[in-house]
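I have placed the structure first, in the form of structure tokens, so that the comments after it can refer back to it.
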Amino acid sequence: MFRGVLGKTFRLVGYTIQYGCLAHCAFEYVGGVVMCSGPSMEPTIRNSDVVFAENLSRHFHSIQRGDIVIAKSPSDPKSNICKRVIGLEGDKILTTSPSDFFKSRSYVPMGHVWLEGDNLQNSTDSRYYGPIPYGLIRGRIFFKIWPLSDFGFLRDSPNGHRFSDD
């Protein structure tokens, strides 16, 4: 009797570890559901919107200008940020202060990206902390799940003119 209970317990623990490993790999390498908070990506993503983030793009280095990404915050590694990729390594970016009075050019070094929120007046982004290392990117957001009225692929940036400033 004891041997039967012990055997069932070990099997249960074994299955739990296997499914835990599978879930970890799925969330780490394939993607997952994310709830975004804060106003920095409005009107594209609003506070408490639920989106799907895929993680394969970062592993294959296929992040492009205009993509919305989830990244570790450079100023607080315990939190994530949701921003749009404005520049890739080697790009020159025309940066503006929140007041739009001062404009300057910034260079994106190798292995880094330039991130900005769609709501430029209410976003803490690369204009404040500079380009971020590519390794901080956790995934690429491309699909909105909630609210159901906005269900579907994400729309283009309201600041699309910022992607190409030759």
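Cβ atoms are placed via backbone N, Cα and C, with glycine included.
Per TrEMBL, the feature active site maps to S40 (among others). Listed in sequence order, I81, C82, K83, G117, D118, N119, N122, S123, T124, D125 are the same-chain residues six or more apart from S40 (active site) with CB atoms under 8 A from its CB.
Taken from TrEMBL, the feature active site applies to K83 (among others).
The feature domain 'Peptidase S26' is assigned by TrEMBL to 18-93 (among others).
Look at TrEMBL and you will find 102-146 (among others) tagged as domain 'Peptidase S26'. Nonlocal intrachain contacts for the domain 'Peptidase S26' (102-146), taken as residues 6+ away from its ends with a CB within less than 8 angstroms of a stretch CB, comprise 31-34, 36, 39-45, 49-55, 57-58, 61, 63, 67-72, 74-75, 80-96, 152-154, 157-159, 162.
Packing around K83 (active site) is summarised by its Cβ count: 26 other Cβ atoms lie within 10 angstroms of its Cβ, all protein chains included.
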